[in-house]
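Trainee: According to Swiss-Prot, the protein carries these features:
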DISULFID  5-23  disulfide bond
DISULFID  11-34  disulfide bond
DISULFID  20-39  disulfide bond
DISULFID  24-41  disulfide bond
């Protein structure tokens with residue numbers, strides 16, 4: 001889920017990050033972005 005992606009995907013302060021995006025996609029989101037070193041998932045896909 002969204003929170004597990006935050007825990008697994010440490011990242012730079014801002015911008016896209018591969019692990020973050022991949023984690024979010026597996027969780028059913030369209031992708032993810034890094035905000036203040038945390039992975040934030042985008043809108044859910046296919047719902």
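A Cβ is built for glycine as well, from the same backbone N, Cα and C atoms used for every other residue.
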Trainee: Taking Cα atoms as reference points, which of the disulfide-bonded residues 5, 20, 24 is nearest to residue 34 (disulfide bond)?
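Mentor: Minimum Cα distance from residue 34 (disulfide bond) across 5, 20, 24 lands on 20.
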Trainee: For residue 11 (disulfide bond), which of the listed disulfide-bonded residues (20, 24, 39, 41) have their CA atom within 10 A of its CA?
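Mentor: Within 10 Å of residue 11 (disulfide bond): 20, 39.
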Trainee: Taking DSSP as the reference, which of helix, strand or coil describes residue 39 (disulfide bond)?
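Mentor: In three-state terms, residue 39 (disulfide bond) counts as strand.
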Trainee: Around residue 23 (disulfide bond), which residues of its chain at least 6 apart sit with Cβ under 8 Å of its Cβ?
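Mentor: In sequence order, 4, 5, 8, 9, 32, 39, 41 meet the Cβ cut-off.
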Trainee: If you count CB neighbours within 10 Å, which one among the disulfide-bonded residues 34, 39 has the smallest count?
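Mentor: Looking at the disulfide-bonded residues 34, 39, the Cβ with the fewest others within 10 Å is that of 34.
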Trainee: By the DSSP assignment reduced to helix, strand and coil, which category contains residue 34 (disulfide bond)?
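Mentor: The three-state answer is strand.
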Trainee: Tell me the Cβ neighbour count for residue 5 (disulfide bond), meaning other Cβ atoms within 10 Å of its Cβ, over all protein chains shown.
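Mentor: The Cβ of residue 5 (disulfide bond) has 23 Cβ neighbours within 10 Å.
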